[in-house]
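Taken verbatim from TrEMBL:
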| type | residues | note |
| --- | --- | --- |
| DOMAIN | 46-91 | domain 'NADH-Ubiquinone oxidoreductase (complex I) chain 5 N-terminal' |
| DOMAIN | 108-389 | domain 'NADH:quinone oxidoreductase/Mrp antiporter transmembrane' |
| DOMAIN | 393-561 | domain 'NADH dehydrogenase subunit 5 C-terminal' |
| TRANSMEM | 7-31 | transmembrane segment |
| TRANSMEM | 51-76 | transmembrane segment |
| TRANSMEM | 88-106 | transmembrane segment |
| TRANSMEM | 179-197 | transmembrane segment |
| TRANSMEM | 209-233 | transmembrane segment |
| TRANSMEM | 245-265 | transmembrane segment |
| TRANSMEM | 272-298 | transmembrane segment |
| TRANSMEM | 334-357 | transmembrane segment |
| TRANSMEM | 369-393 | transmembrane segment |
| TRANSMEM | 422-442 | transmembrane segment |
| TRANSMEM | 486-508 | transmembrane segment |
| TRANSMEM | 539-561 | transmembrane segment |
Amino acid sequence: MMKFNFFLSFILSFLLSCLMIISLSVSLFLLTGQELVLEWEVSMSNSMSVILLLVFDWMSMLFVSVVCLISMSVMLYSTSYMASDATYSRFIGLLMMFIISMWVLILSPNFISMLLGWDGLGVTSFLLVLYYQSPKSFNASMITALTNRIGDVGLLCFIGLSLSMGSSSFLYYVNLSSWWSTAMLLLLVLVAMTKSAQLPFSAWLPAAMAAPTPVSSLVHSSTLVTAGVYLLIRMNYLFSEMNFLWALTLLGALTMFMAGSAALFELDMKKVIALSTLSQLGLMFMTLGLGLPILAFFHLVSHAYFKAMLFMSSGCIIHSMNEYQDMRLMGGSLSQLPISLAIVTVANLSLCGLPFMSGFFSKDLILEIMMMSSLSMAIFLLALISTALTVLYSVRLSKLIFLGEHREMTSFCMQEMGMTELVSVALLLVPSIMGGLWLSWVLCSFSMLVFLPLWLKMSIIVIIFLSGLGGMFLSASRRMGNFLRFVHMMWFMPLMFSSAFSFSALVLSKQVFKFGDSSWTNLVSVGVFNSVNLRLAGYMFSNLKSSFIVSLSFFLLAGVIM
């Protein structure tokens, strides 16, 4: 059975690689602005037909190729990482269901069929986070599912408004009245906020790190969490002329700053990477607020490559340390894990935006356009500080894991990643280094000239290098004051959106139970029923007594006559 599962994984990886090549070729062919819309009549009954629409343009096909490449790498990676898992076939099935749901979401121009992919992502992500079936996994999956349910309700309301306009396809909405556009825009932003974990719905993403590392590499780096951003990119023309796009920019800046400051004091290795994903999602929201959806998509694609690679390499490190994720127990593993160090370093440098790495071309361009725009100085400073925080916690992560003295989990011989894991990670290595350069040639044909003084352009690079030096002096302190605890707990978002609501619900249910059990239930069951029973018993006893007297008199009279 195990050999069959591994054979199935390799077959699926091969099919995904073929689909990746095809979708990438079609995307390059459609870059001239052409679109292909396929209409498939699923069923026909009397006068009612069920039609499935699929739209193929350069954006959807490029995103499909990214999903296929990362899915192929994760499939290969999981054959080695989860080789001893008893339910590996269930894992592969859930992973394929998730990938198919993502394809439906990307290719569908109809919101009703898009809802199938949207809910499919929610259900499969819930099952994947719950895969280990522990209390921690159950709590994380419930937070993930309930938070995304809010966005699902918003999407249903959006579909209701779209049907009232006569169509559920986003190809239809070109000219809308101001009121309809505003209402639909607010619903879209709510939907995207929940799925992409923006404030105040950010608590579920770090909690979802209870899932297996291959799940985090695919679901929580480049697919599920970017679905909200992709939806806003698709529907960007709906709010391109609105005058409150600054709200998206402010929302993204606050999320980016919150995630960066929390990652700076986080001790769990996977949660640091999850918070870095949250920070980059905030940057994408800021870019959408600036009215640049193509640039947001550029950063989405370039970020997907190196973040998936960072998750997979961190999983190998955690696997070699007996599944411990606390960075305070790591250190001094440079001599034992040199390949892992090299891969983590490449991913971190691309995340920080080091010149000529993949993340540099999108991140630097976003910051330059922010400098040229009429953006609020406070929001721009938040973005600049958050960029510096990204470098700080990335350097801190590498330092705590690989440098310094040997600690508890690195005092014994650790095993470097195997050949299968190395090949799967190496598939993402070239896009993580050269992908940004290629995408800048393909996507960024801006008519606007980016012109900045040399000192202003170099200031971003100087901030990156100074932040890297500052990250070398950060350590994993075991003591935290109240303010640092506030920052580390993501501004108490997990408490407000999980513990507070659950505690208030439990208190309310206890009071209702106490009130009902001690008063109304006793009054109805004991008071009323006992009173009725006593009266009924007295009536029956009185009837029985009178009947007994009549019967006795009758027998006495019969005896006298006889």
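Note that Cβ sites are derived from N, Cα and C of the backbone, with glycine treated the same way.
TrEMBL: automatically predicted annotations, no manual curation.
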Intrachain residues whose Cβ lies under 8 Å of the transmembrane segment (7-31), provided they are six or more past its termini: 56-59, 61-62, 64-65, 68-69, 71-72, 75-76, 78-79, 89, 92, 96, 99, 442
Paired segments the transmembrane segment (245-265) and the transmembrane segment (369-393) in contact, 3+ CB pairs under 8 A: yes
Close approaches to the transmembrane segment (179-197) from elsewhere in its chain (Cβ under 8 angstroms; 6 or more beyond its ends): 118, 121, 147-148, 150-152, 154-155, 157-158, 161-162, 165, 173, 204-205, 224-229, 231-232, 235, 238-239, 242, 247-248, 251, 255, 278, 281, 284-285
